[in-house]
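**Student:** I have a structure I would like to understand better, so I am pasting it below and will then ask my questions one at a time.
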């Protein structure tokens, strides 16, 4: 026979508590299982294939099907806009209560689709007055006055174009003469430049003949003699121009004198005949 060992009282109490809690947990689990078995599953928790169609109304069925069809993950307002339906059934912001927004919804979705009173499209008395005042200030002239002004402006612009074209044609007629004058001036300048060069070469040659031997043009004696020759040549040119001018003046005087004598002789001859 084995000897019997006595356990402490605290260990015995812990064992009884553990057994009691385990037994209570088993009991609660059994009750919950019975409760679940006794309850019937709800229609909305079952798959679509197990829903009782007879117990569901047509509207609820259509709503449920539409919800299941929506795979776009779009927001309701965006999906409504995609299908051409009013985005919001109720106002979500102060903007949705403005006249501008209501007019836009009415124009886009119509009277039935927008649920907006069409009278909002017509201006109020204040808006009509402000519009009339704006028209009076911005467009003070009548249609007839604006048409007359436009016609006058068109005629003035046409006359200006015609005058410009006539001026261009007139200048084109003188183009040949202007070209000839330009070529003559160019030829005159070229001739003067050649004459100046020839005169300079002639003066340099005269200075060299004066010395009788080759002299460096940079030599002071050469430069002094060249300057003297240039002064003498300028005097000669000046004297020639003066004589030419005097000859022209004498020629003019002779022509005038002859004309005066002819004018005097004609009246005297008339008197003699009388």
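Glycine too: its Cβ is placed from the backbone N, Cα and C atoms.
TrEMBL entries are annotated by machine, without manual review.
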**Student:** Pick from 177-225, 226-274: which range has region 'Disordered' per TrEMBL?
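**Tutor:** The listed stretch tagged region 'Disordered' in TrEMBL is 226-274.
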**Student:** Pull the DSSP breakdown for the region 'Disordered' (226-274) and write it out as helix, strand, coil residue counts.
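**Tutor:** So the counts come to 48 helix, 0 strand, 1 coil.
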**Student:** Take the compositional bias 'Basic and acidic residues' (226-254) and find every residue of the same chain, 6 or more past its ends, with a Cβ under 8 Å from one of its Cβ atoms.
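**Tutor:** Contacts of the compositional bias 'Basic and acidic residues' (226-254) (Cβ under 8 Å, skipping residues fewer than 6 from its ends): 199, 203-204, 206-207, 217.
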